[in-house]
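**Student:** Mind looking over this structure? Questions follow.
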Amino acid sequence: MVHNEKLDNRIVEKAETSRDDRSIISSGNGEFQEDTTSADALQFDHTQRNLKNRHIQLIGIGGTIGTVLFVQIGATLSKGGPGSLFIAFSLWCTIILAITNCVSEMVTWIPISSPFVRFADRFVDPALGFCAGINFFLFQAMLVPFEVVAFNVVLKFWTDKIPTAAVIVFVLFMYCVLNFFAVKYYGESEFWLALGKTILIIGLIIFTFVTMCGGNPQHDAYGFRNWNPARVDGTPFAEYLYEGKLGQFVGFLACLIQAAYTIAGPEYVAMTAGESQNPRRTMPLAFNGVLYRLTFFFVFGTFCVGTIVAYNDKDLLNAISNAHPGAGSSPYVIAMVHMHIPILPHIVNALVLTAIFSAGNSYVFCASRTLLGLSLEGKAPKIFSKCTKGGVPVYSVALTLAVGLLAFLQLSNNAAVVLQWIINLVTASQLLNFSIIAFSYIRFYNALKAQGISRDTLPYKARLQPFSAYYALVATLIMTFVSGYSVFLPGHWAVPDFFFSYTMVGVLPLLFVYYKLRHRSQWQRLETVSFFEKERAQVDRYERELKDEVATSS
């Protein structure tokens, strides 16, 4: 695709000169209405559309796949066994697909910065938009120092002689370099980093199928041995905490909770909407790609994990209990050691290192764009919406990286515990974010009906709606409250665990009430919901002029 950065600048200038005026804009159903959005309430988005389709596809992978799928998943396997692990991850993929259905339809029609945060504001209540923004920003920003610390741990697979402070400084400096320059450089870096993850998971899936058929130094065609209860006691549905069927159910629940915190994707694709080239064409392609990524990476990935190593393997349990660094706790590496395969464990560790770096890079991007969205909606200081000439919200990125400095807590053992506490506090945020997306879509769907706008006129019409939205809403809300279930089991009560599991569940309603009382925000009426008419008009002009530019250049 031919793309001219000057074209973006001309469109920005045109939009800025008219942003203080009321304009007559298409409402999406062929009719025209007056845009009543107050220019004082909203600021103009100065980000630039420099992300190509290939960037967006790989950014979705970058934020989705972290070390859990390669390393920590071994701990989950030990709790539920291969059967529960495979079924739980496959089941949760259907819920993420339902979330994708919700966000894709809205974002493709309204491709703006920090979309689902602003959708909650416009389609539900400004107070919910405030909650969504704070929730997602905290979630993404706090994962940055977590990934920095994880990067240092993975390095210890090879050596512990590199000073921790030096590693932290290096990683944060690279995030600074990749995120402070024009967004196209972020997109390019994330493309290659996420490509490393893709190569890793494809390689490990091929490794599994080759070795299970006897393609290993021992020529051991182990096949589905680790799924066979006659060969491995208690498989494929392991007992956890209790014996019998109850223990198997608790094991499955442990796997489902891990899946709920591991599998993501649509929100990372959505966050690129305001900076994607030709968004009405590229965004549907990116969202459709979520289906194939979920199926291939998580469904096949969990199947392979349960196949290559037994859930009760002594080396696996020992690696988990002793917290072996880097890929040392990975079921794949343990299987390689069993088969006496050299070199490959080091390659896996190297690619896991790129996976961690890529995840942290994605979190910096998403957190900064969330803060940008809050600022554009008047819910954060105006300074956070200021962008460089390259379209980077520089102050939003700076604050996100400042949160990343918490990684230096790792220098003190006691402080490292505090850092883990903070991470645990925001783990429920992902499920709450999914719930907000689903509820926002339900309001969006009903507002379209109330205003007589046919979904057939939208650039992209998702399937199985509104069933998908209700399915996703119910499932994510249930899992939000179930996720900390273990503290209620006899003998497992611990105040810190309860606090970590449910703090955000209590904080969000308080934020909602605070905003309602302070700003007296109103619950949006379906008949008068605004569908970002001014922003859509800007995108329409951008795409028309981009098309003309391509036609002229060809």
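From the backbone N, Cα and C atoms, a Cβ is placed for every residue, glycine too.
According to TrEMBL, the domain 'Amino acid permease/ SLC12A' annotation covers 55-521. Here TrEMBL flags 58-77, 83-103, 123-142, 162-182, 191-210, 249-269, 290-311, 347-372, 392-409, 421-446, 467-487, 499-517 as transmembrane segment.
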**Student:** Which listed stretch (191-210, 249-269, 421-446, 499-517) has the most C-beta pairs under 8 A with the transmembrane segment (467-487)?
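**Tutor:** Comparing 191-210, 249-269, 421-446, 499-517: 421-446 has the most Cβ pairs near the transmembrane segment (467-487).
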**Student:** Within the domain 'Amino acid permease/ SLC12A' (55-521) only, compute the mean pLDDT.
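**Tutor:** A mean pLDDT of 85 is what the model gives the domain 'Amino acid permease/ SLC12A' (55-521).
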**Student:** With CB pairs under 8 Å as the measure, which of the listed stretches 83-103, 290-311, 392-409, 421-446, 499-517 comes out on top against the transmembrane segment (249-269)?
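**Tutor:** Answer, by Cβ pair count: 83-103.
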**Student:** Decide whether the stretches the transmembrane segment (290-311) and the transmembrane segment (162-182) have at least 3 CB pairs under 8 angstroms, with pairs required to be 6 or more apart in sequence.
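**Tutor:** No; fewer than 3 Cβ pairs under 8 Å.
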**Student:** Which range out of 123-142, 191-210, 392-409, 421-446, 499-517 gives the transmembrane segment (83-103) the most CB pairs under 8 Å?
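**Tutor:** When the Cβ pairs under 8 Å are tallied, 421-446 comes out ahead.
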**Student:** Applying the under-8 angstroms CB criterion, which one of 162-182, 392-409, 421-446, 499-517 scores highest with the transmembrane segment (123-142)?
**Tutor:** 421-446
